[in-house]
Amino acid sequence: MSPVKESNGLENDTFAIHGHFCELENDGEGSDLSEEYDKNKLAYCVTDVPAWYLCIILGIQHLLTAFGGIIAIPLILSQGLCLQHDGLTQGHLISTIFFVSGMCTLLQVTFGIRLPIVQGGTFAFLAPSMAMLSMPEWTCPAWTQNASLVNTTSPEYIDVWQSRMRELQGSIMVGSLFQVLVGFSGLIGFFMRFIGPLTIAPTISLIGLSLYDSAGISAGNHWGISTMTTALIILFSQYLRHIPVPFPKYNKTKKLHTSRIYIFQLLPVLLGITLSWLICYIFTISNVLPSEPEQYGYLARTDLKGDVIGQAPWFRFPYPGQWGLPTVSLAGVVGILAGVLSSMIESVGDYHACARLSGAPPPPKHAINRGIGIEGIGCLLAGAWGTGNGTTSYSENVGALGITKVGSRMVIVTGGVLMIIMGLFCKIGAIFTTIPTPVIGGMFLVMFGVISAAGVSNLQYADMNSSRNVFIFGFSMFTGLVIPNWIFKNPDAIATGVVELDQLLQVLLTTSMFIGGFFGFFLDNTIPGTLRERGIIDWNKISLDDSSNTLESSEVYNLPFGISSCLSSFSWVRYVPFLPPNAPSSQDEAKVDSLATKQQPVKPELIRSVAL
């Protein structure tokens with residue numbers, strides 16, 4: 001077979017030998033779209049199974065694409081958990097979140113939405129978690145901020161951070177039950193009627209903007225190193241992304257030869273962090289960086305965590321309740337609910353984008369309901385295991401599908417297994433804890449900025465020439481910044497006399513995404529405006545095509561292992577929101593073309609991705 005071309009026009013004979021193309025349907029506008037038509041060809045559709053070694057290679061790529069978000073969350077949480085100077089425990093948290101992300105990915109691909117979409121930690125839970133940990137009763141003791149005073153094995157210190165973690169665990173577990181209910185009951189469709197771009201834009205944007213302090217503190221430990229990290233990520237992701245790099249390759253036809261890969265487009269964050277990390281290591285061993293803790297730039301050294309890699313065990317199996325029995329507070333639960341709502345809405349958009357990029361029909365209602373419900377179960381597992389966070393669908397990996405043209409869910413299954421394996425080997429997590437704080441800060445400057453911009457990008461669906469919409473968005477954003485900032489500076493201002501109510505208001509009013517999302521939702525649904533002006537029509541257009549009763553849809557979205565076939569004979573199945581309806585008859589099947597020829601063209605504007 002002759003070598004085929006990827007979307008960039010470069011040879012990719014690996015796919016030509018082992019795969020087949022799913023051709024996406026032309027728009028019908030003539031031959032002018034022939035080039036775009038070629039670009040939309042998929043090497044593997046959602047139900048295809050590539051060669052085992054391709055599954056491993058592409059699975060590793062998806063793992064690396066999710067790498068930045070997965071390790072960033074434990075490192076940020078460590079500040080609120082008083083773990084800044086406990087590299088070993090940070091490594092355990094990183095291993096745990098990798099393990100749980102792998103489990104949740106397998107659950108989602110197998111029993112959930114059944115699309116090739118990765119599950120991992122979510123920044124939507126980070127803002128309410130940090131707001132809860134900033135309450136006066138959870139403020140870190142002063143001695144935990146001094147590395148010389150911290151004894152990581154002392155019962156006192158262990159109780160300090162584990163008590164905070166258990167509070168987070170309980171809040172996440174209870175809050176996740178709401179997502180389970182909304183998903184499996186089919187309520188997600190009801191909520192989507194009232195939620196549009198003017199609610200989503202401030203909610204998502206304020207996730208990134210509310211974390212500016214964490215980014216500034218980390219980057220400020222050495223502005224030179226953090227600036228270098230930021231510059232490298234920008235260079236790789238924006239300026240060099242279209243430049244291929246030759247890599248050696250071998251196959252039976254061409255023997256040893258070179259193949260060009262867009263490595264900068266695939267792994268800009270990983271490359272930027274790794275290069276800065278290496279430079280910090282060189283500066284450390286050559287004593288360019290100061291060795292005295294009170295000197296500026298000391299935190300850029302790579303040897304601050306001591307022999308954390310040597311102390312970490314080779315193998316450790318994370319288990320539920322490993323930090324103790326979770327505790328629950330009303331304030332924590334209500335705060336987490338704001339993150340749950342944001343995560344659910346973003347995931348629905350990711351499902352549709354993922355379906356189009358993987359050669360699948362638009363996801364039917366039962367699959368969306370099941371996907372959201374499984375995400376809720378994933379958050380429940382994340383809380384039980386003690387990641388300090390929940391799980392959600394990763395937009396970054398949806399974007400990676402468009403780059404690789406490989407939509408096979410078996411690749412994501414492989415990636416999930418690899419994440420579980422990484423979570424079992426603690427030395428891998430320990431290695432990540434040696435990344436200097438300024439390098440992490442440089443990554444935050446890019447990552448949080450892109451998250452903020454991704455939220456604003458949702459305004460493309462609304463009419464921003466409307467003074468109504470400009471007012472709603474501006475007011476929601478500004479109050480989402482002003483009110484939490486004032487509450488932080490005046491923590492004693494809330495004094496109703498009821499301790500539980502004070503805690504609830506403290507968490508909600510210091511969670512920027514809740515404030516912005518609340519005002520956006522309230523004003524958008526009460527101030528008069530047409531559906532088109534509000535952006536509701538365009539926003540919901542992607543979910544209007546419900547193809548749940550086609551052969552292609554059943555092939556992709558029905559439950560595995562013959563479960564759907566077993567249930568198809570029962571009439572009550574049609575009343576269960578998360579179960580597929582009865583399968584089409586054989587006569588209907590004969591009228592349906594193959595999956596590869598029925599897909600709609602990929603529309604990049606539907607991908608609300610925060611990938612670089």
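Glycine too: its Cβ is placed from the backbone N, Cα and C atoms.
Any TrEMBL annotation is an automated prediction that lacks curation.
Look at TrEMBL and you will find 51-77 (among others) tagged as transmembrane segment.
Under the heading transmembrane segment, TrEMBL lists 89-111 (among others). Packing against the transmembrane segment (89-111) from elsewhere in the chain are residues 66, 70-71, 73-75, 77-78, 83, 117-121, 152, 161, 308, 312, 316, 318, 322, 370-371, 374-375, 377-378, 381-382, 385-389, 391, 393, 409, 412-413, 415-433, 559-560: each is 6 or more residues past its ends and has a CB under 8 Å from a CB in it.
For 172-195 (among others), the entry in TrEMBL reads transmembrane segment. Only residues 6 or more beyond the boundaries of the transmembrane segment (172-195), in the same chain, are considered here, and those with a CB under 8 A from a CB of the stretch are 125, 326, 328, 333, 336-337, 339-341, 343-345, 348, 365, 368-380, 382-384, 388-390, 521, 525, 540, 543, 577-578.
Per TrEMBL, transmembrane segment is recorded for 215-240 (among others).
If you look at the transmembrane segment (261-284), the same-chain residues 6 or more away from its ends with a CB under 8 A from one of its CBs are 8, 61, 64-65, 67-68, 225, 228-230, 232-233, 235-237, 240-245, 247, 300-303, 400, 403, 434-436, 438-439, 442-443, 446-447, 612. For 261-284 (among others), the entry in TrEMBL reads transmembrane segment.
According to TrEMBL, the feature transmembrane segment maps to 323-341 (among others).
Look at TrEMBL and you will find 411-433 (among others) tagged as transmembrane segment. Same-chain neighbours of the transmembrane segment (411-433): 44, 50, 54-56, 58-60, 62-63, 71, 75, 87-88, 90-103, 105-106, 109-110, 116-118, 305, 308-309, 311-318, 397, counting only residues six or more beyond its ends whose CB sits under 8 Å from a CB of the stretch.
The transmembrane segment feature in TrEMBL is assigned to 439-458 (among others).
As annotated by TrEMBL, transmembrane segment applies to 470-488 (among others). Listed as Cβ neighbours of the transmembrane segment (470-488) (distance under 8 Å, sequence separation of 6 or more from its ends, same chain) are residues 131, 134, 198, 201-202, 205-206, 209-210, 459, 464, 494, 506, 509-513, 515-517, 519-520, 523-524, 527.
Look at TrEMBL and you will find 503-523 (among others) tagged as transmembrane segment.
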Same-chain residues near the transmembrane segment (503-523), Cβ under 8 Å, at least 6 residues beyond its ends: 124, 127-128, 131-132, 134-135, 194-195, 198-207, 209-210, 329-332, 334-335, 338-339, 341-342, 471-473, 475-477, 479-481, 483-484, 487-488, 491, 494, 496
